[in-house]
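Participant: One structure is given below, represented as structure tokens, and several questions about it will come after.
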Amino acid sequence: MYTLLHGFYKYLIQKDEYCVLILGLDNAGKTTYLEAAKTKFTKKYKAMNPNRITTTVGLNIGKIDVDGVLLNFWDLGGQQELQSLWDKYYAECHAVIYIVDSSDRDRVSESKETFDRMIASEHLSGVPLLVLANKQDIPDCMGVHTVKPIFNQNAHLIGARDIMLMATSALNGDGVDEGIRWLVDCIKRNSVDRPPRNHEDNL
């Protein structure tokens, strides 16, 4: 009886837990963004010195609590040879943050092609998508008005899903809070199709 009541109590108080992929080309600022998110939403968290952040080889993991919702971030390496590993995580995720280096005009076409391959996966069908034009702190970077038409060229691949393109600076934190709160709202709306991980564990 105690075990049954304890399990029921635990079920009542547990927080919904979701997984969010952070994707994009290498050097787009994915790990810096993850550090900024942890700084924004975790009290007393001391962010890593940006100068000490190196290109991700493999996976970085972080967790934040946004108004009682737990987000598990999986920051995956963006080098071309690592992109083939991304799809191993698609089926388990509840949302994707795709980061574009808006200061690198030479690679924006490559980023767009990578984006198109990603959203074409059936395992990401209907998954909320936050596209971030990062590094807005750098002079002469591309604004949203420039990036958006590029990534809208194959809009039919996006399908029926929540999607937002926002300007951000992972380095100074601009746009981080707004983007994550928007994403949480979308994830909660989509929870019938992709229930929280803790709910799946109880089935």
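Each residue, glycine too, has its Cβ placed from N, Cα and C.
Unlike curated records, TrEMBL annotations are generated automatically.
Straight from TrEMBL, here's the annotation block:
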type	residues	note
BINDING	GLY24, LEU25, ASP26, ASN27, ALA28, GLY29, LYS30, THR31, GLY78, ASN134, LYS135, GLN136, ASP137	GTP binding site
BINDING	THR31, THR56	Mg(2+) binding site
Participant: Ranked by the number of other Cβ atoms within 10 Å of their own Cβ, which of the binding-site residues LYS30, LYS135 ranks first?
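Facilitator: Of LYS30, LYS135, the one with the most crowded Cβ is LYS30.
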Participant: Checking the spread of the GTP site as listed (GLY24, LEU25, ASP26, ASN27, ALA28, GLY29, LYS30, THR31, GLY78, ASN134, LYS135, GLN136, ASP137): what is the longest Cα-Cα distance, in whole Å?
Facilitator: 22
Participant: Quick check for the class: what is the C-alpha distance, in angstrom and rounded, between THR31 (Mg(2+) binding site) and GLY24 (GTP binding site)?
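Facilitator: About 11 Å separate the Cα atoms of these two residues.
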Participant: Taking the Cβ of GLY24 (GTP binding site) as the centre, count every other Cβ atom within 10 Å, in any protein chain shown.
Facilitator: 25
